[in-house]
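**Student:** Okay, these came from Swiss-Prot:
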- Cys142: active site, acyl-thioester intermediate (ACT_SITE)
- His235: active site, proton acceptor (ACT_SITE)
- Glu237: active site (ACT_SITE)
- Lys163, Ser192, Arg249: substrate binding site (BINDING)
- Glu111: site 'Important for acyl-CoA specificity' (SITE)
- Ser192: site 'Important for substrate specificity' (SITE)
Amino acid sequence: MPIKIPDTLPAFETLVHEGVRVMTETAAIRQDIRPLQIGLLNLMPNKIKTEIQMARLVGASPLQVELSLIRIGGHRAKNTPEEHLLSFYQTWEEVRHRKFDGFIITGAPIELLDYEDVTYWNEMQQIFEWTQTNVHSTLNVCWGAMAAIYHFHGVPKYELKEKAFGVYRHRNLSPSSIYLNGFSDDFQVPVSRWTEVRRADIEKHPELEILMESDEMGVCLAHEKAGNRLYMFNHVEYDSTSLADEYFRDVNSGVPIKLPHDYFPHNDPELAPLNRWRSHAHLFFGNWINEIYQTTPYDPQAIGKLAA
């Protein structure tokens, strides 16, 4: 089954062109099934690009998914037209009465700030608490993952001496995990962050299981079974050119930046990078969506009650 998104959302045409099955709202009404309700709390400045990345992966599932775009209420996005936000987004306050089968919390370019110094930290704390009663499964990504694991477990983040930036080899630490079904023992993941969480701090919490790790970049993915939460500290959702876009943005702005590790062919930024993580990104999101489908209550109003 395809993903259901508004017909006029910019991601619609992009995904159709890529071969992702996208369903119009009119066609969705004709299908007598309950689509999975997935919320995307988009904290990134360029929201349209992030919408496409996430919708591409969520929409590749054989299940019908309805994606709701959500933003922080009091925060203005600098790189997304206000008209786009008004047309396609709701604030969290506007959806907090709803139940979601799955909920994605993205990263944000604020990782060098202390959590308490983030202008919308109070709302983030409320959202984290709300997910425990209104969301069946939460996928936290990059800064969203660091913030969530700090909120729920007090796991700190540490500033790196230089930006972790590039494509790095990772190991599958739990081949039997439902979220890593079909994964190779060794695979590659894009990394782009100024901070990290550390294995030693996570291991203090037996309820957390580390599923993916890199010898160079540390922990990539952790799972919390009791809270039905995933913490993805890197960027499997990235496009082929995402790291290049970040690199050239910094170069053009005069910001010191090294070439992304193992990304450009022959370390030549004039050559187009090859995407070596796409298949595992689809596997990961497909496994997550499938597990939601297998375990979420048919009655959305029962979400949160089973874990209570």
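Using N, Cα and C of the backbone, Cβ positions are placed for all residues, glycine too.
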**Student:** What is the set of residues, excluding Lys163, Ser192, Arg249, whose C-beta falls within 8 angstroms of the centroid of the C-beta atoms at the substrate site?
**Tutor:** Phe165, Leu243, Glu246, Tyr247, Asp250, Ile257, Pro260
**Student:** Can you tell which of Lys163, His235, Arg249 has the least company, meaning the fewest other C-beta atoms within 10 angstroms of its C-beta, among these recorded positions?
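**Tutor:** Each of the recorded positions Lys163, His235, Arg249 was scored; lowest Cβ tally within 10 Å is Arg249.
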**Student:** My understanding is the cutoff is Cβ-Cβ under 8 Å with a sequence separation of 6 or more in the same chain; which residues meet that for Cys142 (active site, acyl-thioester intermediate)?
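**Tutor:** Residues satisfying the criterion: Thr106, Gly107, Ala108, Glu111, Ser192, Arg193, Met232, Phe233, Asn234, His235.
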**Student:** Might you list, by sequence position, any residue in that chain lying six or more from Glu237 (active site) with a Cβ less than 8 Å away from its Cβ?
**Tutor:** Gln53, Met54, Arg56, Leu57, Val141, Ala281, Phe285
**Student:** For the substrate binding residues given in the record (Lys163, Ser192, Arg249), what is the largest pairwise C-alpha separation in angstrom?
**Tutor:** 15
**Student:** What does DSSP call Arg249 (substrate binding site) in the simple three-state scheme?
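**Tutor:** DSSP call for Arg249 (substrate binding site): helix.
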**Student:** Hey, what's the Cβ neighbour count for Glu111 (site 'Important for acyl-CoA specificity') at 10 Å?
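**Tutor:** Here the count is 19.
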**Student:** Which of the three DSSP states, helix, strand or coil, fits Cys142 (active site, acyl-thioester intermediate)?
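**Tutor:** The residue in question, Cys142 (active site, acyl-thioester intermediate), is coil (DSSP, three-state).
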**Student:** Tally every other Cβ atom lying within 10 Å of the Cβ atom of Ser192 (substrate binding site).
**Tutor:** 19
